[in-house]
Amino acid sequence: MRHWRRGAAVLFLLSLLAPDPAAAQGERGPRGPAWTGADCGTFDLVLPDPAAAECGFVSVPERRDLGASRRIDLAVAVLAPMETPAAAEPLFLAQGGPGAGTIGSFSQALLDDPATRPARNRPLVLWDQRGTGFSRPALTCPELSDAEYAAAGADTTRAADDVAYLAALRACGTRLRAQGIDLAGYQSIENADDVDALRRALGYDRIAFYGVSYGTELGQFLMRRHAGTLSAVVLDAVVPLDYDLFVEPAFAQQRIGEKYLLGCAEDARCAKAFPDLASRYLALIDRLNATPAPVMVAKPPGPTGGPPTPVAVMLTGDMLESAIYGALYSDMHGLVPLILDRADKGDFTLVTTVLLPGTLFDDSLAEGMHLAVSCADHGDTDPAAVDFTGVLPRLAEQTRTDAALAATICHDWGIPLLPRAELAPVASDLPVLLLSGDLDPITPPSYAEELPPTLPNATHVVFPAGAHGQAITNPCANEIIGRFLDDPTAPPDTACVATEAPDFVIADDVIFLGTLQRLMAVQGIAGMLLSAILGIPAVLAAFVLATAFVVYPLGALLARGRRGAAPPPGLAGRLGRAAPWLAAASAGVALVCVVGIALAAGSTLARDETLAVMGAVPARWGWVFALPPLLSLLGLGLLFAAVAVWTTRQRSLPGRIYLSLLAMAALGAAANLALLTR
């Protein structure tokens, strides 16, 4: 009985210390009837604590403009604040695309690492927009993925590929409509009204909103339709409402291409390492379009797991250009010239290990949703009327072709246009934080600069080294966002923003590990694990060699006071006497090399994952890779010493066997380490 009372007292005290669930989620009322709870495992989330998140679905109409519309389910994950006291209003986070899932993109990182959170003192509400991610239905188009895989592995013409893509998208639309999906309901007005429906279903009076890329367009629709429910808005990688996704990316692609290639030409170090890179790159694209290069690319395992699958791909110039452009969405700015230079010289290893897997095998985008939203915005685009002055003719031609194909699909799918007034600039007095990256390949800072005339309380922050989207991956951006949400009227402290763009990486800056690159070319990221497994013999050999630090001193101690046979004269005797010292040196070099390689790989993976995926480490680790040849010389010395002690019968039989074992361990470790580092 006394134990029960003690336990009850502890529980009572804990209840005083524990945050109230409603307070932990911010000030809100009860969940509305549209909410249905679900296990967060439904969204493939691993919670560090059961209270870290609440997951479920919110039911909304597919078409609000119809009296009797079927209902669809929006997947929602509400992440609890990591700091107290919790702010009253949650932060809603919207992914881009359109068609990308928010929960799968952001949730796990936000759960695992507080530094990724744009706001730590308020709930984060992540939802998959209608038609995307875990929401039901998801407007995916596996038909298009199948057509792209088939085209990638065949030596076909661009025209033939376009015919196949058009057929695939038509088949996708037919299948989606046959499932009862009304494609006209998947557009930005419904999407914005979904946000307000989520707010009501979750019991919040007001919210703060963050959107990235297309999420910024969604945010502007939300500001127009539901301004009274918003406390502050953050628009990251800004898309103006009149932005035409079918044709305008060509201009951004031209800008970013010039920025990188001309930037390299104007950088003395880059220009010396990669002379005439711009002209060589354009020639490479033409060369690969004329004669595609056969390469192998590791297709990542599917949802059921298993090993990566090597896939034969015909690398065309268009494919390489698309892969390079896609890479610029991430922090690969300084690596692009190096990748292009190696590709121009016939080495496509970096292209196949770093660029193509994400380009060819990323099925995360709901293509049906992507097209439906884009068609509702600009399905009336006439690509023939667009002036592509300043854009490479090849890029302009491909953009016209792609835009015409998209217009055909918009017509075939029967997507009605939004009222044109909906694409006019939004006028609002709400506090708005605009974020841009100067190295953004698709939404340059100039897009954000178009908004302030109708947003008098907007502040624009440009990150010189920023790519597409600043929040989550950039701690500086997260701090700025967090302070803005706490006090939207205060001028932002942008001291952390003042950083230069990263330097271009040249061949002298890195050391490529050929074995690791070859493994990753066929096994993907699993090649890192295989490389580590291949290094196990070197680790075991190093430990065998390390026994010399104990065995030889102990043997000398035990032999003290006993008269042994005098060593033979000449070289054999000198080798016999040197054997313990050679063994100790071999052990030291082997251990330092093994530990050095582990540190080089581990620190590179932690600090620069892209470089690790390239199968490279910074050149400052070069001293480690000079050790295997030294270990080989020491191993040969041990081998000669072993031969000498056997032929002249120096030492005891166990001593001669032990020395032979050390010689084999040294040579084996040297060979194994040389294999890993060459």
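Placement of Cβ uses the backbone N, Cα and C atoms for every residue, glycine included.
Marked as domain 'AB hydrolase-1' by TrEMBL: 90-251. Computed over the domain 'AB hydrolase-1' (90-251), the whole-number mean pLDDT of the model equals 95.
Annotation source TrEMBL lists domain 'Peptidase S33 tripeptidyl aminopeptidase-like C-terminal' at 406-496.
Look at TrEMBL and you will find 1-24 tagged as signal peptide.
Outside the transmembrane segment (525-558), and at least 6 residues removed from its termini, the chain residues within Cβ reach (under 8 Å) are 298, 300, 307-308, 353, 513, 515-516, 518-519, 580, 583-584, 586-587, 590-591, 593-594, 597, 601, 605, 612-613, 615, 655, 658, 661-662, 665-666, 668-669, 672-673, 675-676. The transmembrane segment annotation in TrEMBL covers 525-558 (among others).
The transmembrane segment annotation in TrEMBL covers 579-601 (among others).
If you look at the transmembrane segment (621-645), the same-chain residues 6 or more away from its ends with a CB under 8 A from one of its CBs are 511, 571-573, 575-576, 578-579, 582-583, 585-586, 589-590, 592-593, 596-597, 599-600, 651, 655-656, 659-660, 662-663, 666-667, 669-671, 673-674, 677. Under the heading transmembrane segment, TrEMBL lists 621-645 (among others).
What TrEMBL lists as transmembrane segment is 657-676 (among others).
Here the domain 'Peptidase S33 tripeptidyl aminopeptidase-like C-terminal' (406-496) has, by DSSP, the following mix of helix, strand and coil residues: 33 helix, 12 strand, 46 coil. Within the chain carrying the transmembrane segment (657-676), a Cβ under 8 angstroms from the stretch's Cβ atoms is held by residues 513, 515-516, 531, 534-535, 537-538, 541-542, 544-545, 548, 551, 579, 583, 586, 590, 593-594, 597, 627-629, 631-632, 634-636, 638-639, 641-642, 645-646, 651, all 6 or more beyond its ends.
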